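These notes are about the structure you will find just below.
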Amino acid sequence: MASKAAPSCRLVFCLLISATVLRPGLGWYTVNSAYGDTIIMPCRVDVPQNLMFGKWKYEKPDGSPVFIAFRSSTKKSVQYDDVPEYKDRLNLSENYTLSISNAKISDEKRFVCMLVTEDDVFEAPTVVKVFKQPSKPEIVSKAPFLETDKLKKLGECISKDSYPDGNITWYRNGKVLQALEGAVVIIFRKQMDSVTQLYTMTSSLEYKTTKADIQMPFTCSVTYYGPSGQKTVYSEQAVFDIYYPTEQVTIQVLPSKNAIKEGDNITLKCLGNGNPPPEEFLFYLPGQPEGIRSSNTYTLTDVKRNATGDYKCSLVDKKSMIASAAITVHYLDLSLNPSGEVTKQIGDALPVSCTISASRNATVVWMKDNVKLRSSPSFSSLHYQDAGNYVCETALQEVEGLKKRESLTLIVEGKPQIKMTKKTDPSGLSKTIICHVEGFPKPAIQWTITGSGSVINQTEESPYINGRYYSKIIISPEENVTLTCTAENQLERTVNSLNVSAISIPEHDEADEISDENKEKVNDQAKLIVGIVVGLLLAALVAGVVYWLYMKKSKTASKHVNKDLGNMEENKKLEENNHKTEA
């Protein structure tokens, strides 16, 4: 009995000693685990053949041991100690590997695997490190706007539930922001939850912005340590509205200042290039030193030509920052004299003037009965064809809608004028009698036979054009007759007669009246003939001059030749006389 008790005593003593003293030479082993994962700790001791059982313990901060798991090598049974924080979380395998589910920060301890034989205790320590990835950093408490040249809190970067704690870095357009006195102020804080032991990191950024920061993205990141090493997580980008003062004022004129005409409404719009743009301005009208306070627009209604001038606007609190625009209110006046309906007598003179007054050169177009005229009408002696509806129209091409027009309806009146002609048909069986009538209003024509007073109704009339038309009858008189043509309008009654011989008696035919159109053709032909004659005369004159010059030159040459021949004759005679004398 005594011999059996001795080994048991030695075993208990060894367990007590090993609970406080780690056997040297086994070294340290670290297991890294992510928060919430299962911690797996192999027992790094070779299992001896005479193993009795294995145990796991951990050490408190004061070094005292806490046993948590036991496994017998003979009974193949597992027992877990009543440790509240590890209840239902432990699993000890046959090879004495200890697994702890749902890893927590409090699991960061030194665990020891103990394999016990009758003679010895073998131990292997394992250090557990638990890591918790922080939440994605977020920029919160963001400033609604930043102001240039003012140090202002931009926002806070926050990342939660980290273990161990991490570092926060700020970036502007992807580049790290370093603290700079008076321009970049970064304050970092961290806080640990007493229950979860997880850290929350917060970094606030105060920043003095410039206009270069417009549309620039700001981000932050958290750098932390995980089971596999160091990692970095970035926040979403944040872009801030940058407020900056107005540096320039501009003025706009609506509609376009090149197309303003009398009667238009003008809207002046003043703009500042600051952010936010100014909401109020002072507007200065031509000749008014005091500005009118208004929003960024000021409207003038039904403007007149005297509104032409320089318009200005400025900031309310900085009147020296001013902008101006020159505005011309275009106008167009037209005066037609005479105008309306005018009645004149044929042969009268009628001066017509269309006077234009405009803000710039205007185009003038004359129309007669909707047909464009080549030049302004001028009437020194009115004709019936001058009657019609005349329109003087003017416009400013650069200003849409600015045009004026006045009309003149000219009526040319005249008493009836009659001319009668007769012509025998080539067959000799009939005669054509024509009564040409001129006058306005249109005269009525009546044919009668003098003596009998009979009225001839079978007539043929031409169209009434330019105050003229004719009435024609065809007769075959067996005896001499006198025909009377009567033309009558509101002005007068005119009568003319023509003697017509019997069809059997030959007589001289009278030429037909030449129409206005034929007159123009005759005039054109006459002009052409005159031009040809003048051209021929000029050609003959030039030819005569050339011939005269030629003849004059020829006579001069003949004189020189005759003179030379005379001199030769005289010299010959002198030589002959000299020979005779010598003989």
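A Cβ is built for glycine as well, from the same backbone N, Cα and C atoms used for every other residue.
Copied from Swiss-Prot, the annotated features are:
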type	residues	note
SIGNAL	1-27	signal peptide
DOMAIN	28-120	domain 'Ig-like V-type 1'
TOPO_DOM	28-527	topological domain 'Extracellular'
DISULFID	Cys43-Cys113	disulfide bond
CARBOHYD	Asn91	N-linked glycosylation site
CARBOHYD	Asn95	N-linked glycosylation site
DOMAIN	125-234	domain 'Ig-like V-type 2'
DISULFID	Cys157-Cys220	disulfide bond
CARBOHYD	Asn167	N-linked glycosylation site
DOMAIN	245-328	domain 'Ig-like C2-type 1'
CARBOHYD	Asn265	N-linked glycosylation site
DISULFID	Cys270-Cys313	disulfide bond
CARBOHYD	Asn306	N-linked glycosylation site
DOMAIN	333-409	domain 'Ig-like C2-type 2'
DISULFID	Cys354-Cys392	disulfide bond
CARBOHYD	Asn361	N-linked glycosylation site
DOMAIN	416-501	domain 'Ig-like C2-type 3'
DISULFID	Cys435-Cys485	disulfide bond
CARBOHYD	Asn457	N-linked glycosylation site
CARBOHYD	Asn480	N-linked glycosylation site
CARBOHYD	Asn499	N-linked glycosylation site
TRANSMEM	528-549	transmembrane segment
TOPO_DOM	550-583	topological domain 'Cytoplasmic'
REGION	562-583	region 'Disordered'
COMPBIAS	569-583	compositional bias 'Basic and acidic residues'
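Sequence features annotated in Swiss-Prot and their locations in the structure.
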{"residue": "Cys113", "record": "disulfide bond", "CB count, 10 Å": "25"}
{"residue": "Asn167", "record": "N-linked glycosylation site", "CB count, 10 Å": "14"}
{"residue": "Cys220", "record": "disulfide bond", "CB count, 10 Å": "25"}
{"residue": "Asn265", "record": "N-linked glycosylation site", "CB count, 10 Å": "12"}
{"residue": "Cys270", "record": "disulfide bond", "CB count, 10 Å": "27"}
{"residue": "Cys354", "record": "disulfide bond", "CB count, 10 Å": "22"}
{"residue": "Asn361", "record": "N-linked glycosylation site", "CB count, 10 Å": "9"}
{"residue": "Asn480", "record": "N-linked glycosylation site", "CB count, 10 Å": "11"}
{"residue": "Cys485", "record": "disulfide bond", "CB count, 10 Å": "26"}
{"residue": "Asn499", "record": "N-linked glycosylation site", "CB count, 10 Å": "12"}
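DSSP assigns Cys270 (disulfide bond) to a strand segment in the three-state reduction.
Taking the domain 'Ig-like V-type 1' (28-120) as a whole, pLDDT averages 94 in the prediction. The shortest Cα-Cα distance between Asn95 (N-linked glycosylation site) and any of the recorded positions Asn265, Asn306, Cys313, Asn499 is the one to Cys313.
Closest by Cα distance to Cys270 (disulfide bond), from the recorded positions Cys157, Asn306, Asn499, is Asn306. A count of other CB atoms within 10 A of each Cβ picks out Asn91 as the most crowded of the glycosylation sites Asn91, Asn95, Asn457. A gap of 154 Å separates the Cα atoms of Asn91 (N-linked glycosylation site) and Asn499 (N-linked glycosylation site). The Cβ of Asn306 (N-linked glycosylation site) has Val329 as same-chain neighbours under 8 Å, each 6 or more residues away in sequence. In sequence order, Ile418, Lys419, Met420, Ile445, Trp447, Tyr470, Ser471, Lys472, Cys485, Ala487, Asn496 are the residues of the chain that are 6 or more apart from Cys435 (disulfide bond) and have a CB within less than 8 Å of its CB. Checked against Cys313 (disulfide bond) by C-alpha proximity, the recorded positions Cys354, Asn361, Asn499 yield Asn361 as the nearest. DSSP classifies Cys435 (disulfide bond) as strand under the three-state reduction. Within the same chain, the residues at least 6 positions away from Cys157 (disulfide bond) whose Cβ sits under 8 Å from its Cβ are Pro137, Glu138, Ile139, Val140, Ile168, Trp170, Thr202, Ser203, Ser204, Leu205, Cys220, Val222, Ser235, listed in sequence order. For Cys354 (disulfide bond), the nearest neighbour among the listed recorded positions (Cys43, Asn167, Asn265, Asn361, Asn457), judged by C-alpha distance, is Asn361. Cys220 (disulfide bond) carries a strand DSSP state (E or B). A count of other CB atoms within 10 A of each Cβ picks out Cys313 as the most crowded of the disulfide-bonded residues Cys43, Cys313, Cys392.
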